[in-house]
């Protein structure tokens, strides 16, 4: 009775703390608490009552309760069995944490040793980390215990399955499991038939279970922004027309109508696109508009890929670079290649005959006519041109580089917790962005320039602009390292992949996540948006590429075949082919058009995930490299596929 009075006094202290006077009077009256001193209970008693885990008396009851639950799941009808089995892992984890919290180390160790190996393979690493926690004071600061104590484990379940489970727990008076289910689990209910094994497996695997349907309800503007009008600058180049005249006099006439519809076609608005003023984007200068015209002209010469016409592939192999190269990246027009190294340096190569020029000295710049049309060209010194440049400044391995769309700047991130912005005119570092407290794994420019996104070991991704040294948004929500980040083609969203085995889509405008995608069974290392912006591909250490439909947040296909982590993904410029490159020294090409056509013919069940398609029918070809794992893949404007890998003798 003394214990229960202490508990009541602690509850009274909490009520007093929050100044709930009527509740306080009612509690005193009902519990018969009279003549209570002002300081009703110490902080220790309050914490004891509010502790997430409380002793259920006999520690041996845990093992018996778990065995009873497991037997119930195994003996259930097949229609319910697979959804019921999803609760076994979180129940085991919480039982272990409760036992450790209440100093029952022997029983806790026995429980996890006996039932841990039965859990799914993708939970084994976490169970091994959890088993290292054997004392209450070791719990604080441990990733697994912190995650499970502060987040409900989500399970998507049919109403019939949940009714069956609750009836069983009440009949058996399984108080230990009932407490865990009520306090630490969230059931995302849906009406209809329970899911089969394949459907349950498709979306399970994340640290805290599946995504709630509520997480994927918000509308996503996945369409592309209306292209700016560049026709005003289109005065068809006379040389091109003159060159064509002698060979085919009719061609220029034919080409003009072809090109004009191309420009007007690009300017049509997408019904799923965000409003143009949703986020402030930099205004296009004339130089940028001319670059867009050049890109559009080049796209008319693009090879239209398909099952019968696969892309040509050019593979760049870095020799004598094993254990020294960390990343590689091409600029949008494929004219520059940057490579990051473990010795904290960055090398930039020109991929064209034009060498990398440096800006003239201050004295020479004074003599230049500032009003000249080619002022930028005049500012660069041809005499100091080189085919390769080296950038020094970081104090740790460089993990990612990213070119600005206009190719005047380069971003890099490093183990030294900083992001650096480099000028590709002066070949010097112009800004150091500090904000992350731990190594920064990835950094990417927005397709429209100005903005960039970074992600780190500190479990956050951050949105920056080049003109501010403070982040504009901090995207917090992942439960482990954020390993990869990428902008949506319309720059309104950022996708992130994490070691918590989830992919999240964040709204740049408000800073919240609008999609939570679960299904990977290991850390996610690569992401790529489809050309239309509706689909997202994610590559992982589980050797699979998953394809997601952002309109509903559904997993639609799992592409299997790789035998190692997938670190590079790239869609062809016409969106017909997806290229995937892994550490297994294999490049695979997939028929993305066929996949989208097959999906669009289906009626999607929005209440719970549709069946996930197997990738085998969509695999077009596999290209092995001998001993070069892939660092990056890139389609040129004309659909030539470029790959970069490093020769590894140990493969």
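Using N, Cα and C of the backbone, Cβ positions are placed for all residues, glycine too.
Summarising the annotation, TrEMBL assigns compositional bias 'Acidic residues' to 238-247. Residues or ranges marked as compositional bias 'Basic and acidic residues' by TrEMBL: 259-269. Positions annotated as domain 'TFIID subunit TAF5 NTD2' by TrEMBL: 56-185. According to TrEMBL, the region 'Disordered' annotation covers 236-281. What TrEMBL records for 318-359, 391-432, 433-474, 475-508, 517-558, 559-591 is repeat 'WD'.
The listed stretches are 318-359, 433-474, 475-508; of these, 475-508 has the most Cβ pairs under 8 Å to the repeat 'WD' (517-558). Listed as Cβ neighbours of the repeat 'WD' (391-432) (distance under 8 Å, sequence separation of 6 or more from its ends, same chain) are residues 287-288, 291, 326-333, 335-336, 338-348, 356, 358-359, 379-380, 438-445, 447-449, 452, 454, 456, 464, 466, 469. Sorting each residue of the domain 'TFIID subunit TAF5 NTD2' (56-185) by its DSSP state yields 98 helix, 7 strand, 25 coil.
Summarised as a single figure, the pLDDT of the repeat 'WD' (559-591) averages 94.
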